[in-house]
Amino acid sequence: MGGKMLRSVSELIYKVYARYLLGQINLNNLPGHVALIVDGNRRWARKEKRDRISDGHRAGAGKAVDFLHWCDELDINIVTLYLLSNDNLKNRNRQELNDLVQVICNLIAQVSKRWKVNHVGSCENLPELLGNSLEGVKSSTKTNRYSERSMTVNLAIGYSGRAEITEAVRKIVNTYPIGDLPEKITEEVISANLYTGGLSDPDLIIRTSGEQRLSDFMPWQSTHSEFYFLEALGPDLRKVDFLRAIRDFSIRRRSFGA
């Protein structure tokens, strides 16, 4: 009985604190585009003494879906989830990669039922199962069954920031005559040819696990982004952590390099 009472009190305090944080947020200065670098899944699995690393990836994916709901509640327009980098594809062992691909495929199916989904990355080196899942997302998005106010979710899968910029420049070089290139290679044209072409850059980038680096994530688009680093591992991310990040952003005065 004592344990149940303690849990009830703890849950009540948590709800009150979440409501307090929400009240501190300047709703007139919310980010239009939030990106989340989902990190720490493997460390979480080891910390929790799980038999399989995939348990950590599965828990992290579940928390990513929670994160999307939290963003949707605040009417944030665009959310980008960094799920699988090119380095992950090269460096993870086959079993872990196979498990991770299955987790991501399940996540894609779940997210695409509710929100508009874009793939941000290259399909070139992706496992066939994952590539097929992303192709299915393209088809479902074309049916235009989402409302105009539906949040857009970018899934960064098979992503590398350096590769993205390189590919954008190649597109430009292959599009225009050589003599026109000096005038055509501008910031605006490069931005338009990135995976995220046509979308706004992230206003706020959140990273879990205590690491304070970008890990090749959107080096071009993050020039004027605000950053918020969390000690919590991906699966341990809480709504109050999210609300603190949004509160912090909402009261910052952004300089945009000035």
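A Cβ is built for glycine as well, from the same backbone N, Cα and C atoms used for every other residue.
Marked as active site by Swiss-Prot on the basis of sequence analysis: Asp39. The feature active site, proton acceptor is assigned by Swiss-Prot to Asn88. Among the features that Swiss-Prot reports, Mg(2+) binding site is placed at Asp39, Glu226. Marked as substrate binding site by Swiss-Prot: 40-44, Arg52, His57, 85-87, Arg92, Arg207, 213-215.
In this structure, the CA atom of the residue listed as 'active site' is 18 Å away from the CA atom of Glu226 (Mg(2+) binding site). For Glu226 (Mg(2+) binding site), the nearest of the recorded positions by C-alpha distance turns out to be Arg213; the candidates were His57, Asn88, Arg213. Between the CA atoms of Gly40 (substrate binding site) and the residue listed as 'active site, proton acceptor' there is a gap of 13 Å, rounded to the nearest whole number. In the three-state DSSP scheme, Glu226 (Mg(2+) binding site) is classed as strand. The binding-site residues examined here are Arg42, Arg92, Arg213; by Cβ neighbour count within 10 Å, the least packed of them is Arg213.
Listed recorded positions: Asn86, Asn88. The one with the lowest count of other Cβ atoms within 10 Å of its Cβ is Asn88.
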